Amino acid sequence: MTITPQHLIALLPLLIVGLTVVVVMLSIAWRRNHFLNATLSVIGLNAALVSLWFVGQAGAMDVTPLMRVDGFAMLYTGLVLLASLATCTFAYPWLEGYNDNQEEFYLLVLIASLGGILLTNANHLAALFLGIELISLPLFGLIGYAFRQKRSLEASIKYTILSAAASSFLLFGMALVYAQSGNLSFEALGKSLGDGMLHEPLLLAGFGLMIVGLGFKLSLVPFHLWTPDVYQGAPAPVSTFLATASKIAIFGVVMRLFLYAPVGDSEAVRVVLGIIAFASIIFGNLMALSQTNIKRLLGYSSISHLGYLLVALIALQSGEMSMEAVGVYLAGYLFSSLGAFGVVSLMSSPFRGPDADSLYSYRGLFWHRPVLAAVMTVMMLSLAGIPMTLGFIGKFYVLAVGVQASLWWLVAAVVVGSAIGLYYYLRVAVSLYLHAPQQPGRDAPTNWQYSAGGIVVLISALLVLVLGVWPQPLISLVQLAMPLM
């Protein structure tokens, strides 16, 4: 296949982030300067974000058999880049207090972003695997970045070993799918499944192993055991990336796979996915009830949020509304998570040992940082799915899709899970307004709202509220971002 200038325009975000990786690498080799390398990383990610406009003008197309650039890919690429940008912004003040090498952090985030962009454009199982590995490998280093902290090192080792096992399941599953169908392209797989091959035992075994591998990456029950420990052990900015960019990119490619290769047409696959979704929603919410560490709580809550999204994935063959539901839900989840983890990052900056992740650290926050407490309250309400926030719009969409597809038992799970979630999210929100302890622990800087991280947190809160009241611009954007069929 000949690469034309149009193809290069379609690949602009990938090329710009790749170029930024090289520039930052050379800059680190030339001179260690934290501010310079952080600025170069942020400029590169912003340029990649702006380039999406030019990609849109070029139109939808296939770039090599591995990648497809269309509205769907552009939307998810934009979300991944926003999450990466926020991660770099939150990391800067945290790294200011870090005595070891600071600059490599941005290099690892950029490489992981590259993997995320590759995943959102993937149209082939080979591209899917490459993207997942490219996003996972830098995370091994990022999670253990504060390696002098026992929890951070433990979390990194745990994630590395389990991630390697999950990747082997995924790869073996792909091998079985290829052995039965002779294809790795999503569309070619779809044609094979349309010819009645879906009920072949070897193919079902292959998809089953792929579900195990992808279930680990998305921290779905019962492949979730690493999640709370890794969220707690990783530095707060890394937990931000793990909860947002990583999940969005992987869920995006799974959506495309299920759309082109209708695996959900198999009753066995639908039942397995339904059980995983049900268990993730109920278990994730129940485990979050007893948490006193805010990062562990958000880790368990992310399990339930992926369970809600899985309901929309199961209903994918019922109509286009599922695509819309996932797009809106992921946008709401992104901004809510950026705000919540952003507050934790601000409270934990600069690096002085363990993060300010104990619920006790946030007790009475309103009385000395009222705006920060208000932002955290908005994020908790959005994650709980309270009306007038973007989280409510996403949850409403998921319920509507579940009802449309007659998935009544999963709709009941969403309702029960949301009711349980309301308790622990409100518990965090209420603690912000209690009497402050006599000896307060960690605290955000007095001028936090003037820092880049503070601005990102405030913009996230504003978007959650504005789009919660007037979601039409977001809905219109998601409706435009349909995949090329």
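Along the chain as shown, residues are numbered 1 onward.
Cβ coordinates are placed from backbone N, Cα and C, and glycine is handled just like the others.
Straight from Swiss-Prot, the features:
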type	residues	note
TRANSMEM	8-28	transmembrane segment
TRANSMEM	71-91	transmembrane segment
TRANSMEM	105-125	transmembrane segment
TRANSMEM	127-147	transmembrane segment
TRANSMEM	159-179	transmembrane segment
TRANSMEM	203-223	transmembrane segment
TRANSMEM	235-255	transmembrane segment
TRANSMEM	271-291	transmembrane segment
TRANSMEM	297-317	transmembrane segment
TRANSMEM	373-393	transmembrane segment
TRANSMEM	408-430	transmembrane segment
TRANSMEM	455-475	transmembrane segment
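Pairs of Cβ atoms less than 8 Å apart link the transmembrane segment (127-147) most often to 159-179, out of 8-28, 159-179, 203-223, 455-475. In summary, the transmembrane segment (235-255) does not lie against the transmembrane segment (373-393): fewer than three C-beta pairs, each 6 or more positions apart in sequence, are under 8 Å. Sequence-distant neighbours of the transmembrane segment (203-223) (same chain, 6+ residues past either end, Cβ-Cβ under 8 Å): 132, 136, 162-163, 165-181, 197, 246-247, 250-251, 254, 263, 266, 268-269, 272-273, 276-277, 279-280, 283-284, 299, 302-303, 306-307, 310. Listed stretches 271-291, 297-317, 373-393, 455-475 were compared with the transmembrane segment (408-430); the greatest number of C-beta pairs under 8 angstroms is found for 271-291. The recorded stretches the transmembrane segment (455-475) and the transmembrane segment (71-91) share 3+ CB pairs below 8 A when only pairs 6 or more apart in sequence are counted, and are therefore in contact.
Same-chain residues lying 6+ beyond the ends of the transmembrane segment (71-91) with a Cβ under 8 Å from its Cβ atoms: 13, 17, 38, 41-42, 45-46, 48-49, 52, 55-56, 60, 105-106, 109-110, 112-113, 116-117, 120-121, 235-238, 240-241, 244-245, 248-249, 252, 255-256, 323, 327, 330-331, 334, 338, 341-342, 345-346, 349, 452-453, 456, 460, 477-478, 480-484. Across 159-179, 271-291, 297-317, 373-393, stretch 159-179 shows the highest tally of CB pairs under 8 A with the transmembrane segment (105-125).
Beyond the transmembrane segment (373-393), the same-chain residues lying 6 or more positions past its ends with a Cβ under 8 Å from any Cβ of the stretch are 301, 305, 328, 331-333, 335-337, 339-340, 343, 362, 365-366, 418, 421-422, 425-426, 428-429, 432-433, 457-458, 460-461, 463-465, 467-469, 471, 474.
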